[in-house]
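Below: the structure, in structure tokens.
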Amino acid sequence: SVGFKAGVKEYKLTYYTPEYETKDTDILAAFRVTPQPGVPPEEAGAAVAAESSTGTWTTVWTDGLTSLDRYKGRCYGIEPVPGEEDQYIAYVAYPLDLFEEGSVTNMFTSIVGNVFGFKALRALRLEDLRIPTAYIKTFQGPPHAIQVERDKLNKYGRPLLGCTIKPKLGLSAKNYGRAVYECLRGGLDFTKDDENVNSQPFMRWRDRFLFCAEALYKAQAETGEIKGHYLNATAGTCEEMIKRAVFARELGVPIVMHDYLTGGFTANTSLAHYCRDNGLLLHIHRAMHAVIDRQKNHGMHFRVLAKALRLSGGDHXHAGTVVGKLXGERDITLGFVDLLRDDFIDKDRSRGIYFTQDWVSLPGVLPVRSGGIHVWHMPALTEIFGDDAVLQFGGGTLGHPWGNAPGAVANRVALEACVKARNEGRDLAVEGNEIIREASKWSPELAAACEGWKAIRFNFKAVDTLDKPSS
């Protein structure tokens, strides 16, 4: 018969192409696919490729008006997940023309926007993305870079120290500023607004900005060191967010902060551009990440969110600790720490990295470690993460029995002792506790902290683990 032949056909006929050779300009994705019973893995992988690119559930006559071969996503490989029944890694290649330049928002809308509710799948997780260099070059990326930040702050050869002010909600602006001053005076480099401190009735943003600026200038004058406080510019509208960043710049402070997932990628990229143009560092908090990345079989791994943040822009990003109260397995965590900091990262499945990633000189991001860490963790943190990290002790500073400033002193002394010992060639993994004990002999503040936290443990198994073959 004459005319157009409609009807439903299997996705794999069009979108499963195991013979396809990926191009340097393709965006590559690794999905963990759990098909519904009876759905072959090839069909499930092809369905993901189709529904996240050009496909729909039926053949449509307008398919004939374009070159689907040029624009379609392709599932080019399927492999079973070791040790898991009915789970597969599906590799999908997307042509670069499907994505708007310089837009993380558009990239995610395409790749993960719709397909996760697809009925043929029981669950779906985006494990990793390979961002091609041609696409990276359309992004500004982080406002400054690790070396530029060190030059701005005049701090070299050690991790930076921070502290989140607690209680996170309820303090007046003046008392909040006082807590900031005590911590900075004691020896910290930074203090931090909590992620949910925006502009509430008990403390409006402008009052907080003013008292925090006063605190850090007073601490700078007394210590002779450059200090910063992460002023949270996150707001209900982009215009209000930029207004807060402008006020921070007018106060002359070095750094502002944004909650990039709750605030959204469009807002975050706008703020990153403002920060580069106006010499502000940008601290990024990942509030809401566990809603997206916590489940092992569904959602999106944090390494993808970390790559997206590096494209969108931020000078610091929270990235798990390996020790402390927030989950993070060592190899996996170090994998996405490298993705934040380094210029070139090789494929390494033992660390969860599915693709080689070349950042072509896009500035790096300082990973921030926080959550249930204290002075006894300092040797491990210094050894695991090296110099290019921010170590953030909230309760581990403010919970000191003598107060905020002594808590800050204890952390700074512990850090300096660990860095000195490491530079002398001592093994922090073996001698860490001894190094801290030695330092505490001439620092009563550190001795009190050691006594206070000697029994604190967070003994839970990590949720985010590597796949291992069943024995």
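In case you wondered, yes, glycine gets a Cβ from its N, Cα and C as well.
Taken from Swiss-Prot as is:
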{"type": "MOD_RES", "residues": "Lys5", "note": "N6,N6,N6-trimethyllysine"}
{"type": "BINDING", "residues": "Asn114, Thr164, Lys168, Arg286, His318, Ser370", "note": "substrate binding site"}
{"type": "ACT_SITE", "residues": "Lys166", "note": "active site, proton acceptor"}
{"type": "BINDING", "residues": "Lys192, Asp194, Glu195", "note": "Mg(2+) binding site"}
{"type": "ACT_SITE", "residues": "His285", "note": "active site, proton acceptor"}
{"type": "SITE", "residues": "Lys325", "note": "site 'Transition state stabilizer'"}
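Sequence features, as recorded in Swiss-Prot, placed on the structure.
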| residue | record | CB count, 10 Å |
| --- | --- | --- |
| Asn114 | substrate binding site | 11 |
| Thr164 | substrate binding site | 24 |
| Lys166 | active site, proton acceptor | 16 |
| Lys168 | substrate binding site | 14 |
| Lys192 | Mg(2+) binding site | 29 |
| Asp194 | Mg(2+) binding site | 18 |
| Glu195 | Mg(2+) binding site | 21 |
| Arg286 | substrate binding site | 23 |
| His318 | substrate binding site | 25 |
| Ser370 | substrate binding site | 23 |
Reduced DSSP assignment, Lys168 (substrate binding site): coil
Spatial neighbours of His285 (active site, proton acceptor) that are distant in sequence (at least 6 apart) but have CB under 8 A: Glu195, Asn232, Met257, His258, Asp259, Tyr260, His318
Spatial neighbours of Asp194 (Mg(2+) binding site), counting only the recorded positions Asn114, Thr164, Lys166, Lys168, Arg286 and Cα distances within 10 Å: Thr164, Lys166, Lys168
Assigned conformation of Glu195 (Mg(2+) binding site) - DSSP reduced to three states: coil
Cα-to-Cα gap, Thr164 (substrate binding site) vs Lys192 (Mg(2+) binding site), nearest whole Å: 5
Any further residue of that chain within 8 Å (Cβ to the Cβ centroid of Lys192, Asp194, Glu195) of the recorded Mg(2+) site: Thr164, Ile165, Lys168, Asp193, Asn196, Val197, Tyr230, Asn232, Met257, His285
Span of Asn114, Thr164, Lys168, Arg286, His318, Ser370 around substrate - largest C-alpha separation, Å: 36
